[in-house]
Amino acid sequence: MNKISHIKRYQISKVYRRDNPGRGRYREFYQCDFDIAGHYDPLLPDAECLKIMYEILSELELGGFLIKVNDRRLLYGILATCGVPDDKFRTVSTVIDKMDKISWDKVRREMIEEKDLSPEIVDRLGEYIRLNGGLAVLEHLCNDSLVSQNTMAMEALSDLKLLHSYLEIFGVADKVTFDLGLARGLDYYTGVIYEAVLLRGPEEPHNVPDNDTDKIAGFGSIAAGGRYDDLVGMFDSKGRKVPCVGISIGIERILSMAERKAEESFKNIRTTETQVLVASAQPHYLEERMRLITALWSSGIKAEMLHKKNPKLLSQLQYCEKTGIPLVAIIGEQELRDGVVKLRDVTTREEVNIPREDLIKEIQKRTS
């Protein structure tokens, strides 16, 4: 609408869903989107999006993950090759998109009974859409006598092989599998599509046969995206196309996974950036705590203290354990007399006396 033909941007904002959401899904939720728009050489923006997805999921440390990749042109080419009528591509793709949630037998039955496809067409289609793996899957399809006759499918396979070479250079190909059962429900996708799922165990990506849902965590995709070259043109008065590709990261779904992981490991989730709690072991040291925390604040240390005149030491230590504050600076009669502060490591419970003038450097060293 603003005649922008090239842009690389991200946003974190609230989005909305119309359908009835399942576990880990919401009608209203926050999502992080990253998009690259503009005319560029083939597959370079797509590869960068997948690299970003890989880096985000790696740094979140949610466990093993798998990035499934397909191409809408390849999927439609296979549908045509197997004899699916053009007017049923959309509805059949919707059924295929359920393969990560229900068994192939149920998908097959729905295609036959509800989509009116013959068992022969469905069985032929099933031989293709249950394929997944690395570069070998693409080579297999290129040499397939039926697929090789479909121009659209072969164009997609050529692009996917180029994409794979870029992903190898970026160092992310080890987490990518080409999954012909990946359909993505949105109609505006025109080329490469992808989604990331968490794995239940330490399995390597290419060891998840036939969309084995037992090995995929029950939250569905946590990130997804693809190429949508025609969408922007719908909002241009002259219908000018701006090719686009992007990813979406499901923030609230990831938070749900992180919370569950923390519960299963019996670890507290750190809920604060506070580096140190200023505490006292004896009553009547409120003013000394205030003087010490003022010095820490003035030096850029993220510090806090309990808003009580005479808090019990145990309550102060328990607060640190609950919120994840790593250090406690303890002052009392003996510490003031000796000109030191007792610095306690909350995790190891180790305590050392630090000269007052060295305290800031010591905290910075331990929390950097």
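Quick reminder: no glycine exception, Cβ is built from N, Cα and C everywhere.
For 12-254, the entry in TrEMBL reads domain 'Class II Histidinyl-tRNA synthetase (HisRS)-like catalytic core'.
Per TrEMBL, the feature L-histidine binding site maps to Arg17, Gln31, Asp35, Arg184, Tyr188, Tyr189.
The domain 'Anticodon-binding' feature in TrEMBL is assigned to 275-366.
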Take the domain 'Anticodon-binding' (275-366) and average the pLDDT across it for me.
-> 95
Would you find the one among the binding-site residues Tyr188, Tyr189 whose Cβ has the most company, meaning other Cβ atoms within 10 Å?
-> Tyr189
For the domain 'Anticodon-binding' (275-366), the DSSP helix/strand/coil residue counts are 41 helix, 23 strand, 28 coil
